[in-house]
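Q: Pasting a structure below so you can have a look.
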Amino acid sequence: MRYLTSGESHGPQLTVIIEGVPANLAINAEDINKEMFKRQGGYGRGRRMQIEKDAVQIVSGVRNGYTLGSPITIVVTNDDFTHWRNIMGVEPITAKEQQEMKRTITKPRPGHADLIGGMKYNHRDLRNVLERSSARETAARVAVGAVCKLLLAQLGINMYSRVVEIGGIKDKALYDPNIFKSNIDKNDVRVVDDKIAQAMRDKIDEAKREGDSIGGVVQVMVEHMPVGVGSYVQYDRKLDGRIAQGVVSINAFKGVSFGEGFKAAEKPGSAIQDEIHYDKNKGYYRATNHLGGFEGGMTNGMPLIINGVMKPIPTLYKPLNSVDINTKEDFKATIERSDSCAVPAASVVCEHVVAFEIAKAILEEFQSNHMEQLVSQIEERRQLNIEF
């Protein structure tokens, strides 16, 4: 399975084409829109999310509520394009119109793709860079992940995400899965502890007052994975490696870990490996899950625990020092409409990026021309964990 996204932040629309989804998967736009709505929420978001509706339109690959096995095309309209039509239109413009163009950017923002992207693609107006490098593109990736979550749910695989930390304020690192999944959407920062939630809101408000931004840590949990998805035989077939690449490809994500993550460096091996047990009804299992459900690049049947680190958003209302690429003089960086904190929304994005990587690995592992075939093979693999 693979996908390709296109579209600029303030262009007419985002488009995504997904290839490799099995036939006969039940799917409708409303299921996808529920996930899109989650991405738009979260304390600390800017005014853009009040403009966009992010309702998807499925234009190919689905007939009468079921996938055909052919490429699926999904479109997300950018409602804000009506205010940017003259700036982001596709028709040619005159040299005079180019010179008079509003919102031209020549002062790159530190921490963003502006300057290096301009060098690489020879753009003197850095808007040509930031329009595509914007996190607006993650709306398309959430749409892809929503399709993948529908597929995984048909296989009995469930996914959840939450915020672990914002601006140095931390929620508990690990929770029982039942507590995790029953509490994540009860507040607008997506943490379990309500007292921690208020402290995080206060921290976000402080950053906003100061014209600054803050980052944090998010966590994704995946339940009921069959054993042996991924492989140890080649580096690029290890599922945790693939997930790591996917997570750090999300805008502003700078790190990833699994299970207890970097804390494993502080402990002896006897305290970090998950001992193996056997039960005649459920097969092989671990009483602990320090390693986050992975061994040798493969799933071991325990819940997958993936942690992602998001840096503060680089667009600041109190901009940092920069240089005008035309005059080479010192200036404050360009100010664009932005969020003071997007960590809650980023947890949703991370969940859907992980969903794609897991679905992709499963479809490579098992015959999957149609859903009936795939469901049968997954059940056989689950039985192997008992009979081996």
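Backbone N, Cα and C define each Cβ position, glycine as well.
Taken from TrEMBL, the feature NADP(+) binding site applies to ARG39, ARG45. Here TrEMBL flags ARG132, SER133, SER134, ASN251, ALA252, GLY296, LYS311, PRO312, ILE313, PRO314, THR315, ARG337 as FMN binding site.
Mind running through what each feature is packed against?
A: Under DSSP, ARG45 (NADP(+) binding site) is assigned to coil, being neither helix nor strand in the three-state scheme. Annotation for ARG45 (NADP(+) binding site): spatial neighbours ASP339, ALA342, ALA345, criterion Cβ-Cβ under 8 Å with sequence separation of six or more.
Counting only residues at least six positions away in the same chain, the Cβ atoms of GLU8, SER9, ASN251 sit under 8 Å from the Cβ of SER134 (FMN binding site).
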Q: Relative to the Cβ position of ALA252 (FMN binding site), how many further Cβ atoms are located within 10 Å?
A: 20
Q: Specify the count of other C-beta atoms within 10 Å of the C-beta of LYS311 (FMN binding site).
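A: Result for LYS311 (FMN binding site): 15 other Cβ atoms within 10 Å.
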Q: Out of ARG39, ARG132, give me whichever of these binding-site residues has the highest number of other Cβ atoms within 10 Å.
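A: Counting Cβ neighbours within 10 Å, the top one is ARG39.
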Q: Going by DSSP, is SER134 (FMN binding site) sitting in a helix, a strand, or coil?
A: coil
Q: Tell me, by DSSP, whether ARG39 (NADP(+) binding site) is helix, strand or coil?
A: helix
Q: If I take the alpha carbons of ARG132 (FMN binding site) and ARG39 (NADP(+) binding site), what is the distance between them in whole Å?
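A: Each residue's Cα considered, ARG132 (FMN binding site) and ARG39 (NADP(+) binding site) end up 18 Å apart.
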